[in-house]
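**Q** The domain 'Aminoacyl-transfer RNA synthetases class-II family profile' feature in TrEMBL is assigned to B:27-293. Look at TrEMBL and you will find B:84, B:85, B:86, B:114, B:128, B:132, B:268 tagged as L-histidine binding site.
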């Protein structure tokens, strides 16, 4: 245990975030929470652990195998460490905040833990920041969320981001309307999700033709909608396309510069979504920046929301120059240091008389020091 | 599971923080981190869980029984959920940041979990925000930390706070110098900590006389120092008193308005401290606001730091009036909403045409709405 390299060793997928990354992540999180608060979203903070059965309801079941569990010696019941915060917000909305007026706008920010990382996201702890809009089922609610995500990314100066819209319920609805066997319906959905044209061709008409058309429709919003309009679909599937068109029209009217794409067959990660869903990407940045969509609360209430992933955002947000640190030589008065900090300086105080103030300032990564003639920049 | 009261039930000592408390806690935390950053402290963020043996070293051993443990299926080793962040910062300082120039100023902010709450703090999850100053052993370092805590509390507008200084090593050092049996030394230290005058009287001279004088010395800094100066102590114990006097002198010179008290026998919670330690209180507020002190890192390096407890701070920080929410009727343009948010408004958008805009604004807890004549305050 005296071996420092061993002492510093952390379990796979867990990491110490060091300077300046940790402050940068905190700044990104602040900006997001500020944008959410500016749009009337109220912060809630559920605990890191709670009774496991509450974390395994609905969409929580999908992450059951990824949840750390501990015994609660107080209640003698099993508790789980949360793998996702969305489900906790849904719990809060349907219990403690059930009586609050709808639309209920909630925001959150916190850490989640998973027993295993995924191939795309090897981290086992990551930070989630997001919002849920509880109550309304109107297209304006879907549009508000997408515009909110865009406003948040704009505040972070993320460039070249796009919103990829999907309808995870489209293929299941279509198959039901066409009287397709449920097992075949699942395989068709998966084939479309995997963009497996050969498999899609193999279904019986008219399903195969529709699936191929859905596959080809994926792309920029305008051309995708044009292609979707050309597909002859049964009633309920058509209604979903109409709802999508409605949201896209609202988005294009409000934010004509927003880059929107549509992939009507994308399904992965949206298993519990009940309507329009979306993923946020930025050009040249590995991993999704976030994802969201419409779902139903346990009590049947409509809800929609999105989560942004801070690890991906760290790769997408432009870096700012390092803080300009100001060295205050030993003996600088408290009042003087305080006044400089109020001006916005990050001060670093000398704790012992210096032999060479300039060298000491440099050693402590300060770009300037307070000299007899005021603030002196180091060359 | 359809019973909402059961669904909302959380394990004892764990809670959902709802609006406006969650945003308030986040605001308090931001203010603290800003003050720390302003003083040159760099943020680090260790993980929530790590190998248990790293969490059990040194002062971590004291919290071993309070640590949740989980098996890491990747490494097949036991991991612990942190009960305290200080120890993780010490680990970072002695491993990954071992080569960084000293003094090394680090800050942190995060959640910790404990298997059991304590009588004074029944919560099993709480938020810790603090700093560590690694390297220097000068009195100026102790003074910097206490002044930093004071600056942070000042920024939060906490009133009537006081810093209670203690020397947890004083009695052990004294007993050693007097050649007292180690078991008796421990009981003497505990008796003084419990302010048990009868027990203190029972020790042999000169220990009993000194202990009673130390007991009586507790109080405001000036009178306490006067009383301490009157006690005849062996060399090493005298040196500790001198070091305390030095820090107090520096504090009184820098911040004459700071309320300082001294309790030379206080020991609880400072079992691993190696020098001057302190507790922060505010008049009329239950619980400590924070605590800190000097300790040694695993590799022998000097360090000192403090942690502030956000749950106590929530009771001490004055409440601000609720955010002024502005209702934007359905159809308000994105640009107009954005411009109002840039002015600082918290906007709440209508998602469907309103029958009565004013009533809708009121229902959604908005103090004003955007009408045809601009922003109209609700009476």
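A Cβ is built for glycine as well, from the same backbone N, Cα and C atoms used for every other residue.
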**Q** If you count other C-beta atoms within 10 angstroms, which of the binding-site residues B:114, B:268 is the most crowded?
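**A** When each Cβ's neighbours within 10 Å are tallied, B:114 tops the list.
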**Q** Using DSSP and collapsing to three states, where does residue B:132 (L-histidine binding site) fall: helix, strand or coil?
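**A** For residue B:132 (L-histidine binding site) - judged by DSSP and reduced to three states - the answer is strand.
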**Q** Pick the one among the binding-site residues B:86, B:128 whose Cβ has the fewest other Cβ atoms within 10 Å in this structure.
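**A** Taking B:86, B:128 as the binding-site residues, the minimal 10 Å Cβ count falls on B:128.
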**Q** Around residue B:84 (L-histidine binding site), how many other CB atoms lie within 10 A of its CB?
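**A** I get 19 for this one.
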**Q** On the Cα atoms of B:84, B:85, B:86, B:114, B:128, B:132, B:268, which are listed as binding L-histidine, what is the maximum pairwise distance in Å?
**A** 22
**Q** What is the total of other Cβ atoms whose distance to the Cβ of residue B:132 (L-histidine binding site) is within 10 Å?
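**A** Summing over all protein chains shown, residue B:132 (L-histidine binding site) has 26 other Cβ atoms within 10 Å.
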**Q** Looking only at DSSP and grouping its letters into three states, which state does residue B:114 (L-histidine binding site) belong to?
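**A** DSSP call for residue B:114 (L-histidine binding site): coil, neither helix nor strand.
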**Q** In sequence order, which residues at least six apart in the same chain have a CB under 8 Å from the CB of residue B:85 (L-histidine binding site)?
**A** B:46, B:108, B:110, B:112, B:128, B:130, B:307
**Q** As a test of reading the model: what is the averaged pLDDT for the domain 'Aminoacyl-transfer RNA synthetases class-II family profile' (B:27-293)?
**A** 95
**Q** In the three-state scheme derived from DSSP, which category covers residue B:268 (L-histidine binding site)?
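**A** DSSP assigns residue B:268 (L-histidine binding site) to coil.
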